[in-house]
């Protein structure tokens, strides 16, 4: 089968919600190959602690590529302790300019409890305007749902869980088996 004909790994939904002095990153557990669900219990949200500095990261895209990027992010955080923004920018620069990294197909949401960023292979480090961001195939559904709940009395975790439930109901590449990590500044 030629590379262009390979159906590829599809879908996931990752959301980051900053509210009430904490950040919650949640992700579903579904991994699909074409129209087939391969696994329903994948962990796409991880807690990293390079040099004792806690960061939560969620990823969408190729798992192997995401792990490569998470390792690079950990190295950047060790080189710039406590400076998530700087480490994220350094990772994005490497990702955009390194010939090997340019081929990686993944996106990351990262947070240290104070800041939350989306890091892309295009060299972007984006901080959400409305304290909520989402990536992946169900990202737009989760983002819209969460934005509609941000003024409610729900906690960051409740907003994230409810938004993910809505995304899982709409997006066939997203399931309701969530991994949720909370981090405070």
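Residue 1 is the first one shown; counting continues down the chain.
Using N, Cα and C of the backbone, Cβ positions are placed for all residues, glycine too.
Because the structure is a prediction, the values reported are computed rather than measured.
Noted in Swiss-Prot for the protein shown:
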- 12: active site (ACT_SITE)
- 168, 171, 174: Na(+) binding site (BINDING)
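What Swiss-Prot annotates, mapped onto the structure for a quick look.
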residue	record	DSSP class
12	active site	coil
168	Na(+) binding site	helix
174	Na(+) binding site	coil
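Cβ neighbour count for the residue listed as 'active site': 30 (other Cβ atoms within 10 Å of its Cβ, all protein chains included). Its Cβ taken as reference, residue 168 (Na(+) binding site) is surrounded by 21 other Cβ atoms within 10 Å in the chains shown. On a Cα basis, the residue listed as 'active site' lies 9 Å away from residue 171 (Na(+) binding site). Taking only the Cα positions, the spacing between residue 12 (active site) and residue 168 (Na(+) binding site) is 9 angstrom. The Cβ of residue 171 (Na(+) binding site) has 21 other Cβ atoms within 10 Å, all protein chains considered. Contacts of residue 174 (Na(+) binding site) defined by a Cβ separation under 8 A and a same-chain sequence distance of 6+ are given as 11, 12, 13, 28, 30, 136, 137, 138, 164, 167, 168, in order along the sequence.
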